[in-house]
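Student: Below are the structure tokens for one structure; questions will follow.
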Amino acid sequence: MASLSAVPASLQNIFGPVLVGTWLNAMVYTLEILLAYQFYSNHHLRSPGANTKFVRWLVAFQLLVDTAGAVGDSAYCYLLLVSHWGDLSYLTLNALPIDCLTTGLSGFIVQLYLIWRYSILSKNYIVCAILALGALTSIGGALGTAVLTITYREVSQRQKVVPMTMVWFITSVATDIGIAGALVLKLRSLGLKSTFKTTRSIIHRLTVSTIQTGSATAFVSTLVLILFAIFPNTAIALAPGFALGRLYGCTLLFNLTTRRMGESGNSTEKSDEFSGTRGGGGSGNPRPTRLDTFGGIHVHHIVQVDKDNDIRGLDSRRAKGSETPAEDMGDDVSMNDRKARMQEVI
């Protein structure tokens with residue numbers, strides 16, 4: 001066993017990133033545990049589409065994967081800095097592959113969930129297929145990196161691992177950015193189509209939330225990619241890389257524990273955007289009725305009564321000399337009151 005005292009201080013490029021990465025990993029994992037506790041204990045914090053058995057099991061599996069990743073990262077740090085302290089031969093070995101496996105699987109779960117959300121919202125299955133292909137390529141790259149890390153254990157053989165690792169990181173970054181961009185564009189299109197101020201406000205908040213959650217994983221993935229590309233023979237990329245898997249888990253839980261709709265259904269006052277008046281309780285506009293909620297996506301019927309058009313249509317018929325009995329007028333108003341326009345709202 002060689003003496004560590006003869007080794008230059010450049011070894012901090014190995015020890016430092018592993019230690020910092022373990023700290024970051026522990027902090028993000030703690031946040032994930034808190035979000036998971038909120039998800040399972042406070043039902044009122046869940047979006048309605050998250051109250052399904054499938055989503056609860058999905059969160060449990062995600063938490064299991066991230067727990068394994070957090071334990072594996074901490075174990076590697078312990079082996080490097082405690083068990084094999086002073087053993088220079090251990091420094092010639094690549095990091096344990098468990099981080100590749102858990103980070104890749106965690107990212108794959110969250111990416112599929114967000115693609116699922118986008119498919120329900122947009123019905124654009126071509127874009128969904130492209131994004132799903134990116135997610136599959138990413139998980140394939142992660143698994144390939146893990147296998148190559150086991151096959152080529154020596155740091156001197158790392159160049160044989162680099163190409164597969166680059167495939168993993170590049171496809172992961174591209175998929176994260178693509179998912180966030182697709183969701184933002186769809187939400188913006190819904191906001192432009194809506195004539196309701198409340199709906200536009202909700203969609204604006206959802207857009208900001210999508211940018212925040214999507215950009216977090218995309219930013220860290222990009223940082224890991226850049227550090228790995230610039231310093232391929234050091235452990236610097238492990239500093240943000242150890243926390244990446246847990247960050248994906250936090251993204252999933254944040255989306256599930258954030259309410260998609262305000263408490264507008266409980267309001268006793270509702271505004272009529274066309275007449276500018278307010279009515280109480282049952283005299284206002286009909287309350288939005290949830291038709292479907294799945295995976296955090298809410299589809300609502302929003303009834304819009306265009307009184308001005310109804311009156312103009314009635315005046316036009318009278319001007320043409322048509323006879324309109326009183327009972328027909330009542331039926332006409334009743335029919336117009338049932339005119340609806342479908343809008344999709346997350």
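Quick reminder: no glycine exception, Cβ is built from N, Cα and C everywhere.
Summarising the annotation, TrEMBL assigns transmembrane segment to 14-37, 57-81, 93-114, 126-152, 164-185, 206-231, 237-256. Annotation comment: TrEMBL describes 172-260 as domain 'DUF6534'. As annotated by TrEMBL, region 'Disordered' applies to 262-290, 314-346. The compositional bias 'Basic and acidic residues' annotation in TrEMBL covers 335-346.
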Student: Could you tell me the mean pLDDT over the domain 'DUF6534' (172-260), as a whole number?
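Tutor: Value for the domain 'DUF6534' (172-260), mean pLDDT as a whole number: 78.
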Student: Same-chain Cβ contacts of the transmembrane segment (164-185) under 8 Å, 6 or more residues past its ends?
Tutor: 100, 104, 107, 111, 114-115, 117-118, 121-122, 124, 127, 130-131, 134-135, 137-138, 140-142, 144-145, 148, 207, 210-211, 213-215, 217-218, 221-222, 224-225, 228-229
Student: For the transmembrane segment (14-37), give me same-chain residues lying six or more residues beyond its boundaries with a C-beta closer than 8 angstroms to one of its C-beta atoms, as numbers and ranges.
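Tutor: The answer is 59, 63, 66-67, 69-70, 73-74, 76-77, 80-81, 91, 95, 234-243, 246-247, 249-250, 253-254, 257.
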